[in-house]
């Protein structure tokens, strides 16, 4: 005692001797000795003998002793650590209910890596503290275990190299060995899961111990029953897959198969990867046939392209890997060829078949996705070479397809026809006709389907038996029922009427039928039958403009020109103006060629020109009409027609070309005086940038008529329409005009006007409004004649321009 007590300590000695239960006195004594570790420990020991249940003092003392071991190797200085261990045991003997004491002890034991001590401390702590504190103790243990265990494999074994897996299963030694199981950690976790709130989290940690037998046992005891009891069935995929991995490692094939099936039901999007996982398990077990069977069966049932691709690719790689591994082995051990020869040949055949059947397997997938898609069935037919196989596909298609779900016109009819064509090509025409009969009883959604079948059947009869047989087939199809309008209305209003009920309205069949009739004999009977067929299409309101034209031409070929023109008359009344335009073009051309009376032709032209009121550009008819009148010597009438054409033109290009033609025609045929009123109207009707061309042209006409003042007034007007920079032709002509007819004053006035126009239009560059209607031209010495031939009054007022 003397070695620890100094003269300065006597006061503290007296105080602790007088009051040994005073924590304050002991704390002061300890504080006075803080610079000497041995003395501090001596005082703490005396204090704790006096106050053995004082946890605060124990905590200070234990933390003080543990700080002394900071940075010290627990192995080299095991004795020192053991001293602290004994202190902890003394502490918890008197403070068993203090959970903080146990946690501090656990931390010290974990620092030493003493697993046996950790387990002893945990056992004692769980006995000492209350049940409510057990989870707190376990949290420290679990945290320690997490530090001990390796990180979890993110792929949980899904990405094992298949080549090495096959090699290891076949010949051993090549596959990677499982890491050793951490039995201590798995045992601790197995105890902890009984009180843990999140069993799946504990299972994830248990997986990292590689003690797969324990993983299986824990999952089946603590996770699976809870899931079933709550009727959830949806614990995380990762949790279930850890169970599968554990079953795989323990070789529990039967359990694994059941678990994979259950997991695939809960997580259907994971079905392909689960199938591949199970296939790998069979590879490890050496059960290659079962591996192939599972993959092949999955290929036949999957309905997703991505799943199909992953399964197919894995199966191909498996077969390739197995063949490659066996070949490598035989290169090193040729004496084993007899042992592996049969297996090698079988798997080579399986690989060849798998590659050869890829298109067929892919088609199977498409048909599972869209069993009513006719195109997929037609594609499937092309995958077979033998007629019997093709016929089987057609039969399967017909039995499988839902006719009501069809959305592509003509596809279903194509399927039926190709089915019949198969027997036709094989010389079994009667069987083919039986198939066609059945095909025509199918409730198609679209007219194109029965239409195709009737057309193909008639074409086949035409090749085999001639025109009459083909016409007989078509006439049967085209029988018009009395209530044809009602049937068509119901079909077109989508009242679930099969297309076969309105086959009589097929323009394609009628056109084919008419072609056959026209190709038949020249008898009057056939003439009437042909006309009746044409009339039927008109009655059914399915006749096209081309059909009307063909009808008219047919009658012309038979010498019935007048009757053919009546067909044109009916056609132009039926179709809208845009369509009737083409018919009128043909009609008028043929009427002119045939030489109808002039008045009748004029009536045709006038009727055709009514289309202009409906917005149709009738320029060709106006020109043809004008030419007709000119050829008949009606010059002014032709001019009037061209004038009407200018007014009726729909586009600017048409207006310009027609005004140019009209004005040139009038000048040449009727003289410049006649053209004056037309020029004035033309300039009014066209925008400034176009009208200025005609103003200049008009001025030249007036100059030619010696009307200098009128020509100058026109030039003055035209000069104001555009900026001089955009009106160079007019200004150039005007300058020469003044040199020919003017004087100094008129030339000066011209230049003055040019400056004013430049100033006026320089700002925005826009032309002035066209005001030709407000201009009174200088009087002409000639009387004016309008296009209608009537004399116009002379305007005696000169033009005054506001300069």
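For all residues, glycine too, the Cβ spot is worked out from N, Cα and C.
Record features (Swiss-Prot):
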- 3-34: repeat 'HAT 1' (REPEAT)
- 35-67: repeat 'HAT 2' (REPEAT)
- 79-111: repeat 'HAT 3' (REPEAT)
- 113-147: repeat 'HAT 4' (REPEAT)
- 427-463: repeat 'HAT 6' (REPEAT)
- 482-519: repeat 'HAT 7' (REPEAT)
- 525-557: repeat 'HAT 8' (REPEAT)
- 559-593: repeat 'HAT 9' (REPEAT)
- 596-631: repeat 'HAT 10' (REPEAT)
- 633-668: repeat 'HAT 11' (REPEAT)
- 670-704: repeat 'HAT 12' (REPEAT)
- 708-740: repeat 'HAT 13' (REPEAT)
Sequence-remote partners of the repeat 'HAT 8' (525-557) [C-beta within less than 8 Å, at least six residues beyond its ends]: 478, 480, 484, 504-507, 510-511, 513-514, 517-518, 563-565, 567-568, 570-571, 574-575, 579, 582-583, 586, 590
Same-chain residue ranges lying at least 6 outside the repeat 'HAT 11' (633-668) that approach it to Cβ under 8 Å: 609, 612, 615-619, 622-623, 625-627, 674-675, 678-679, 681-682, 685-686, 690, 694, 697, 701, 787-789
Segment confidence, the repeat 'HAT 6' (427-463), expressed as mean pLDDT: 96
Tally of residues which DSSP labels helix, strand or coil - the repeat 'HAT 3' (79-111): 29 helix, 0 strand, 4 coil
Helix, strand and coil counts within the repeat 'HAT 10' (596-631) (DSSP): 30 helix, 0 strand, 6 coil
The repeat 'HAT 9' (559-593), counted residue by residue under DSSP: helix, strand, coil: 31 helix, 0 strand, 4 coil
Residues of the repeat 'HAT 4' (113-147) by DSSP state, where helix covers H, G and I: 31 helix, 0 strand, 4 coil
